[in-house]
Amino acid sequence: MAAAPEKRSSEERKPKRVSNGAQASQGQWGRAWEVDWFSLASILFLLTFAPLIVYYFVLSCHQYQCSLTSPLAELLLGNTRLSHLWDTTPALTHKAAAIYVLWVTLQVILYAFVPDFCHKFIPGYVGGVQEGAVTPAGAVNKYEINGLQAWIITHVLWFANAYYFHWFSPTIIFDNWIPLLWCANILGYAVSTFAMIKAYFFPTNARDCKFTGNFFYDYMMGIEFNPRIGKWFDFKLFFNGRPGIVAWTLINLSYAAKQQELYGQVTNSMILVNVLQGIYVLDYFWNEAWYLKTIDICHDHFGWYLGWGDCVWLPYLYTLQGLYLVYHPVQLGTTNAVGILILGLVGYYIFRATNHQKDLFRRTDGNCKIWGKKPEYIECSYLSVDGTKYYSKLMTSGFWGWARHFNYTGDLMGSLAYCLACGFAHILPYFYIVYMTILLTHRCIRDEHRCFSKYGEDWKRYTAKVPYRLIPGIF
């Protein structure tokens, strides 16, 4: 739920070029046109090892009680073989396949065929048909924002089953976790491959496609900017939010149910993880319209990075804390539990308040008050591929005067809280904070590289005014 580059304003659309010091040609903002050797090496590394990393983490929990070192140590010492580890790993089952197909089908129906009605009776919620940001080619897509509705319907069905219908056990996700992993991989690779084929033969908007000529880079980073089927089924919005993020809270509930089944109670650490991550998920869906202005939608093309990542990486590695607590239940002392809760809530407040300030600034075109006074900003201009001139305002006051990505700082505080709830017996649950630190730091850097390509000298003026990225006075 990290925020991203500034919103592409559409107040002025004058079809003329400007000189603002940006890179020479139009359309430089967005994904790269060319691939350097380091980028290619990184792509090949991720394509090769990211699926193995997910498998290794799940294997460590399933067979080695969440010890990350034991499988590798046994292999190096000759106490086991890769073939043995593979043979003892649960295989794909008809049951898991049926569960996954039903799950994805439900989410497709809720996304594509059930128009949002939540915005009609929930005060303050923005849903229904909303416009996205201007794409590099100058297009403005419309989206049906109904994620909160899908989340509510899904969880009503879940609890109705758990307390009334009893069609399946609430532990069903945990009990089929590894077979479901194979299903998620199949979908992730299938949709990524389809997206690449579609980009070549029937793109939604050919002017928003980018071909580098390097198969591996194009496959991973994507070619099409906003691949769609029909008018409303947008690949990026669907796979970024559904089925992975809707499933996140259900996965944690299944972990809690398993803990209850095994130990006769749900520990306060499991409750903390469910509550704090549940707030994160609900925040995403409450602000789904705002998400249309983030880096995932505004800059990333749709390829394996998003397709496979949202199907596999997100649901399997973002939920490691709950999975760990099934194998190693932790009952926190009152002081520790309260401290972790406060850390998570303060992190969420910073994350939300920072994003709210930017959203308010955008919606009012700067005619608002931030911390009791009119916000300060820098006016920028940029060009779309067709040469149309646009204007943006980059805020330099409030939390955005403290650091250029202070919302990420709050995000990291919340991420640390999830991990601390698991205690210190194993390093596995701390993968999340390490990963998020790397991810958000890298996102800062690539976001700013793209913003410089887009805004040129205007971006230099902005970074001079707000010199720090994440931590005021330090970084």
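Note: Cβ is positioned from N, Cα and C throughout, glycine not excepted.
Please treat TrEMBL annotations as automatic predictions, because they have not gone through curation.
Taken from TrEMBL as is:
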COMPBIAS  1-14  compositional bias 'Basic and acidic residues'
REGION    1-23  region 'Disordered'
TRANSMEM  37-58  transmembrane segment
TRANSMEM  97-114  transmembrane segment
TRANSMEM  148-165  transmembrane segment
TRANSMEM  177-197  transmembrane segment
TRANSMEM  302-320  transmembrane segment
TRANSMEM  332-351  transmembrane segment
TRANSMEM  415-440  transmembrane segment
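Comparison of 148-165, 177-197, 302-320, 415-440 by number of C-beta pairs under 8 angstroms to the transmembrane segment (37-58) places 302-320 first. In terms of C-beta pairs under 8 Å, the stretch of 148-165, 302-320, 332-351, 415-440 lying closest in packing to the transmembrane segment (177-197) is 302-320. Long-range neighbours of the transmembrane segment (332-351) within the same chain, counting only residues 6 or more positions beyond its ends whose Cβ lies under 8 Å from a Cβ of the stretch, are 1, 267-269, 272, 275-276, 279-280, 283, 399, 406-407, 409-418, 420-421, 423.
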